[in-house]
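Undergrad: Okay, handing you the structure first.
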């Protein structure tokens, strides 16, 4: 699905822009900046881009320090706010309740629904977990999701109650640094601590966005979804400078096209995040119906999948109702990114169109500056088409092999397919299906535009052997296609790193 990397790219970019813009807004609300807030936001993004170019990578220790500082700050704020609540009693709570209950019941219900839709955004961050799934111990991913959800739910609930009980409702509706206003109950020192903590956490969000985009683009480059130039490292630091520069460009385009408006970018980010959340239940549905044989440790009940899909759709619709104009920004960004990914995956087709246009103008064939363009385009298309794809086959059933060949022809731009069969450790070829070689020749003749090479590996089908084969053939494991393993498979499919393309 091209939507997944496109949406993740938008999510990381929007997260970084919103974090930087919000940090600049916090600063602007506490001190008189000598320049507009969007300049401070641009400076924050540029600073962390330079830090990324210096070679900084993900650090669990740094994340733990930031998390500890944030946890301690919120605990201190909660304690002093609770003390303030105890001193003033419930008078402020009653006033806020009276001010909020003067409207009609329908208005109150509508505001509660809007609050629910906006409150769901407090769970942002869980969309980053798939990028680090390989470093999570087997069976611990549900625990990671639980540990991300519970603190966010508890903290948001506690802070919401304390704010309503201590801070006047007009100040809350103003929406400017409400936590720093709450911290004022303990004095200026706590207010400064809360602002500093907010800025540090938000700057961490900028850094996470940069690192997330770099990991995403490097993975896509390894799988040839985007050009391999994204893998080029800096000579000294080894940082993927092309990824960082591309990320900076995305930030400039997104923030500049919104007119430097934090409101527009925040609302757009909410739609991007909700779209990513919709992909989780959609993916589970596809796995259930298209890959039912795929072995897995746990199975999510169908009722839970459908409920999460409905809730995500309702919350998405609610955020659209709150700010309908944001849909235009979201659709424009999504279409633009999808177009880029489509172009990178159809380079040969686009080059063919360019060559056709070039061929329509004979004058270009005579000019010294352009007469070699045709040969250059042909060589480039031939080089791209020669990049091999590997399919790992177990059976010699020609209908099954045909299905895999058709998938490759429709989804990958290649004229070279390596058909590989692991036949075990028997040197006499006892494990080779009897019709495999003949059927491979039939398919090779049936697809004259594709060269199909049959490779027999005298070894067992294990993750280590597949990785060794990938290095030998110089084909990424993400471009090695297999059929869906059954329940009796000795190894989880994730250990192979291959792509499952058929039942």
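For all residues, glycine too, the Cβ spot is worked out from N, Cα and C.
Just so you know, TrEMBL annotations are computer predictions that nobody has curated.
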Undergrad: TrEMBL lists transmembrane segment for one of the ranges 92-113, 114-135, 268-289; which is that range?
TA: 268-289
Undergrad: Looking at 14-32, 33-51, I want to know which stretch TrEMBL calls transmembrane segment.
TA: 33-51
Undergrad: Of 238-256, 352-370, which range does TrEMBL call transmembrane segment?
TA: 238-256
Undergrad: Between the transmembrane segment (193-217) and the transmembrane segment (301-321), are there at least three Cβ pairs closer than 8 Å, leaving out pairs fewer than 6 positions apart?
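TA: With fewer than 3 qualifying Cβ pairs, these stretches do not touch.
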Undergrad: Given the cut-off of 8 Å on Cβ pairs that are 6 or more apart in sequence, determine whether the transmembrane segment (33-51) and the transmembrane segment (238-256) share at least 3 such pairs.
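TA: Contact between the transmembrane segment (238-256) and the transmembrane segment (33-51): present, because at least 3 Cβ pairs are under 8 Å.
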Undergrad: Which range out of 63-88, 238-256, 268-289, 327-344 gives the transmembrane segment (301-321) the most CB pairs under 8 Å?
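TA: Most Cβ pairs under 8 Å with the transmembrane segment (301-321) come from 268-289.
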